[in-house]
Amino acid sequence: MAKPDLSRNISQHPEGGDVRLVSLDAFRGLIIAGMILVTDPGTYSAVYPQLMHAQWNGATATDMIFPSFLVIIGVAMTFSFASRIERGADRRQLLLHVFTRSVLLILLGLLVNGFPEYNLHTIRIPGILQRIALCYFAGSLLYLAVCGKKGEKAESQSLRRGTVIGAVLAGLLVLYWVLLKGYPVPGFGAGRLDSLGNVAAYFDRKIFGIQHLWAYGLTPGYGVTFDPEGLLSTLPALATLLFGVLAGGWLRTRQPRGRKALVLAAAGVALVLVGLALSPLLPLNKKILTSTFAIFSGGVALLLFAGFYFVLDVKRWRRGVTPLLVFGTNAIFAFVISSIITTLLDRWHLALGDGMFVKAHQWLYAEGFATWMQPIHASLAYALVIVLVNLAIVYPLYRKRIFLRV
């Protein structure tokens, strides 16, 4: 528990003075709200297509949520580390902070995955928070290796830093592409991109065992075969985070704010077009996070963030943004709470009589929504109510200026 650290998400602008990036917290909040919305429909049998992940190849709005979160983590990192360095933190202190935070995120992810049974024989080892931890750890080490020393202007180091980070980013995407297309998976050969024979799924099965993978990573006739947050596909996920690091470096320059927004938007459009242009060679696929998907989704995230930055930090139109800030300033807490609520509603059974039981979320959906709405509308309405319930839980912390951060 901590009082708000107003030094984070801070950017120096040419007009002078420190200006808090409201867009950073607001966009983060939208992502968290989106995560809750798409994971809590009243029924998965009636969901708007854009509120579901693509079945395999392709991309939906839902598929853009987690990559956007990685991008925004990358943006925030640049401001956080710059602020700590300016306050006198040395490299040892920064590395200790990075290591501690990464370990805590992994442990928290395992706690969420195992809730409530904590069966060590079947607990899912990969996960969203675990992927965030690995990407944050590796991205932080890279950033600290190339960032300037205390007192140096951001502009003086931006070219070298951007060149190195950009080269690593490109290298990660090329390496993963080569592995997907060229690694000879035993029993399947090279170049398989299905849910069973791709190299990422193969390594996850070998390293973790199928009992520790995502229970819904299924291949018909084979059972569990893959995990969307697996180990090898963390390589392009790290590249996605580095898109955010590059964007954060640009925002920390003394360029006019309008130009910053324009360049971010242009970069986003360019990445979207590149991802689409390359997709005939390597399809967009979120579940194995193909390199083309990382490029495409990174572009979408930058484009959306550019819009938030322009509206909230350039034009300063901020009416009605509070709900997003509630989620955005306590993002990890909101994610954990929503995961627990979802699990409880799924595990809690209500007695109907005659020995019949129904899951709590099924009963709430059927009795509270499906009786007076079309199923697809009722399913969405249920999800929106769950978002509001989570908002009500997190709001008192925001009102008291209490931010829970790992």
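Cβ atoms here come from the backbone N, Cα and C positions, even for glycine.
Automatic prediction, not curation, is the source of TrEMBL annotations.
Database features (TrEMBL):
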type	residues	note
TRANSMEM	21-44	transmembrane segment
TRANSMEM	64-82	transmembrane segment
TRANSMEM	94-116	transmembrane segment
TRANSMEM	128-146	transmembrane segment
TRANSMEM	158-179	transmembrane segment
TRANSMEM	230-250	transmembrane segment
TRANSMEM	262-282	transmembrane segment
TRANSMEM	288-312	transmembrane segment
TRANSMEM	324-345	transmembrane segment
TRANSMEM	379-398	transmembrane segment
In contact by Cβ distance (the transmembrane segment (262-282), the transmembrane segment (21-44); 3 or more pairs under 8 Å): no
Stretch of maximal Cβ-Cβ contact with the transmembrane segment (94-116) [cut-off: under 8 Å; candidates 64-82, 128-146, 230-250, 324-345]: 128-146
Cβ contacts under 8 Å made by the transmembrane segment (128-146) with residues that lie 6+ beyond its boundaries: 66, 69-70, 73-74, 77-78, 81, 91, 94-95, 98-99, 101-103, 105-106, 108-110, 112, 157, 160-161, 164-165, 168, 229, 234, 237-238, 240-242, 245, 332, 335
Intrachain neighbours beyond the transmembrane segment (379-398), with Cβ under 8 angstroms and 6 or more residues off its ends: 33, 36-38, 40-43, 46-48, 51, 322-323, 325-327, 329-330, 333-334, 337-338, 341-342, 361, 364-365, 368-369, 373, 404
Beyond the flanks of the transmembrane segment (324-345) by 6 or more, those residues with Cβ under 8 Å of it: 4, 22, 24-33, 35-36, 39-40, 105, 108, 112, 115-116, 128-129, 359-361, 364, 386, 389-391, 393-395, 397-398, 403-406
